[in-house]
Amino acid sequence: MICGIDEVGRGCIFGPILSAAVVFKKKPNFIKELDDSKKLTKEKREYLSSLILENSYYAFGEISNITIEKINIHNASLLAMQTAYENLKLNCNLVFIDGKFVPKISAKNVKAIIKGDSIIDEIKAASIIAKVKRDKLMDEYDKIYPLYLLKKNKGYPTKEHKNAIKKYGVLSLHRKNFKLI
């Protein structure tokens with residue numbers, strides 16, 4: 001069994017960092033359509049996400065902005081990946097991680113792959129479902145905090161988002177140790 005893990009939200013100034021772990025039940029017929037989530041349109045990501053969820057074992061790991069502030073974004077990213085793998089509750093022979101650092105994972109063989117979200121199909125799939133899940137979370141927060149344009153910026157430090165912080169203040173879900181806040 002091969003597992004791919006990726007995270008999303010590392011560069012955000014609002015909300016959690018979210019990670020996904022994916023193991024395909026069998027090689028899916030849509031495998032050639034997979035790519036790094038950042039290279040796909042929103043519509044394509046959502047379409048592929050539903051296919052991935054139907055055809056794989058998957059789990060998520062979510063680390064709050066408060067924990068990010070306590071342990072830093074690097075450690076929070078590793079913890080999110082570790083949590084996603086633990087939540088998967090499978091013993092995988094091989095786990096591919098997007099990036100250059102390996103979280104504490106109890107699998108036999110764990111490999112960090114730089115740009116893995118463009119190379120390894122399981123990481124591509126994890127990238128897609130993590131991005132779709134976090135984007136939907138930001139859409140929900142946008143309903144609560146519409147002045148911060150979270151539906152548009154997804155928690156990233158856009159000019160509009162930074163201007164909203166200056167005008168309306170920092171929210172409890174902002175990452176306060178981020179340099180821009």
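Glycine is no exception: its Cβ is also placed from the backbone N, Cα and C atoms.
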According to Swiss-Prot, ASP6, GLU7 bind divalent metal cation; identify which of ASP35, ASP36, ASP98 is listed for that same site.
ASP98
Divalent metal cation site shell beyond ASP6, GLU7, ASP98, criterion: Cβ within 8 Å of Cβ centroid:
ILE5, VAL8, SER19, ALA20, MET81, ILE97, GLY99, GLY116, ASP117, ILE123, ALA126, SER127, ALA130
Determine the Cβ neighbour count for ASP6 (divalent metal cation binding site): the number of other Cβ atoms within 10 Å of its Cβ.
31
Mind looking up the mean pLDDT for the domain 'RNase H type-2' (1-181) in the predicted model?
95
Under 8 Å by Cβ from GLU7 (divalent metal cation binding site), same chain, sequence gap 6 or more:
ILE17, LEU18, SER19, ALA20, SER77, ALA80, MET81, ASP98, ALA130
